[in-house]
Amino acid sequence: MLVLGLETSCDETGVALYDSERGLLADALFSQIDLHRVFGGVVPELASRDHVKRMLPLIRQVLDEAGCVATEIDAIAYTAGPGLVGALLVGASCAQALAFAWDIPAIGVHHMEGHLLAPMLEENPPEFPFVALLVSGGHTQLVRVDGIGQYELLGESLDDAAGEAFDKTAKLIGLNYPGGPEIARLAEQGVPGRFVFPRPMTDRPGLEFSFSGLKTFALNTWQQCKNAGDDGEQTRCDVSLAFQQAVVETLTIKCKRALKQTGLKRLVIAGGVSANKALRASLEEMLAGMKGNVYYARPQFCTDNGAMIAYAGCQRLLAGQQQDLAISVQARWPMEQLPPL
């Protein structure tokens, strides 16, 4: 089955072609970072308009790259949520229009299920069951995964997601959008131990997260340095390192608890923050000590992309899941509501 995947949940237009027998044939992405950087964050209306502009040229690009023609496509998968409603509607409308014109099925895919399954595109994919850490700009969740659509939420953030905390903290200390990669870059030059940030909610049982207080702690630390005339580049690096260390250690502690609670020794990390090198190193060290394994997608498939949507949609289509031509998207969509395969 040859599936065209469309991703438009936020500020990246992703298109890919995935074949159930040959694997990923082509993948293309247009990032809107430059468009939104001047505003310090994503402007939903601008995001939607740019998706409209980029979608069809990217579809043509992946068809050319794969050496395919439209009549060879068996189905279309598109992100139906969660995400920005206007942006989601662009992908959904395009998918359903093409599906109607080509007389093929279209299926809406859960954005976070796409992230969750992205490591399945790699050479050594994880086997079920496993624990997944979904960590992005909009989500921080620990999920037990027994199969596609078989999800048990173990814990999640009670306020800011980890990726959101990265972006907001970066903005507070004067860094450009998107803040996560900027903090990671500066953290490499930071002096360890100069600042020590708290590890929120690690001193109590449970698998919930909270990052809003950590963001405030970073702001107060930066403000104190500014008031003392110590707000140079090295201080910015040191604050970035302390913040990143706090987030990484907090996530690692919670992942270890989740693995012990479930008795599992396979951990998948997915979502934009899973590209963070410090987080990967920390989780790899932790799993090595437990004689377990950690899995993640290559960096280009950690952030939003069409490949993960094409793959996730293909699995559901192969299992016989169907959907009518109604255009329906959801800004919020608990992953536990998805039907199991």
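Backbone N, Cα and C define each Cβ position, glycine as well.
Going by Swiss-Prot, these are the annotated features:
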- HIS111, HIS115, ASP304: Fe cation binding site (BINDING)
- LEU134, VAL135, SER136, GLY137, GLY138, ASP167, GLY180, ASN276: substrate binding site (BINDING)
The rounded CA-CA distance in Å from ASN276 (substrate binding site) to ASP304 (Fe cation binding site) is 15
Do any residues at least six apart in sequence from HIS115 (Fe cation binding site), in the same chain, have a Cβ closer than 8 Å to its Cβ, and if so which, in order? LEU134, SER136, ALA270, GLY271, MET308
Taking the Cβ of GLY180 (substrate binding site) as the reference point, list residues of the same chain whose Cβ is under 8 angstroms away and which are at least six residues distant in sequence. GLY137, GLY163, PHE166, ASP167, ALA170, GLY272, VAL273, ASN276
May I ask you to report the DSSP-based helix, strand or coil state of ASP304 (Fe cation binding site)? coil
Ranked by the number of other Cβ atoms within 10 Å of their own Cβ, which of the binding-site residues GLY137, GLY138 ranks first? GLY137
Pairwise Cα distance for ASP304 (Fe cation binding site)/GLY138 (substrate binding site) [Å, integer]: 12
Where does GLY137 (substrate binding site) sit in DSSP terms: helix, strand, or coil? coil
Expressed to the nearest Å, what is the distance separating VAL135 (substrate binding site) and HIS111 (Fe cation binding site) at their Cα atoms? 12
Cβ within 8 Å of the Fe cation site's Cβ centroid: which residues qualify beyond HIS111, HIS115, ASP304? GLU7, SER9, THR79, MET112, GLY114, SER136, GLY271, ASN305, MET308, ILE309
Which of LEU134, VAL135 (the binding-site residues) has the most other Cβ atoms within 10 Å? VAL135
Nonlocal residues around HIS111 (Fe cation binding site), in sequence order (Cβ under 8 Å, 6 or more apart): GLU7, SER9, THR79, GLY81, PRO82, GLY83, ASP304, ILE309, TRP333
Reduce the DSSP letter at ASN276 (substrate binding site) to three states and note it down. coil
Other than its own, how many Cβ atoms are within 10 Å of the Cβ belonging to SER136 (substrate binding site)? 24
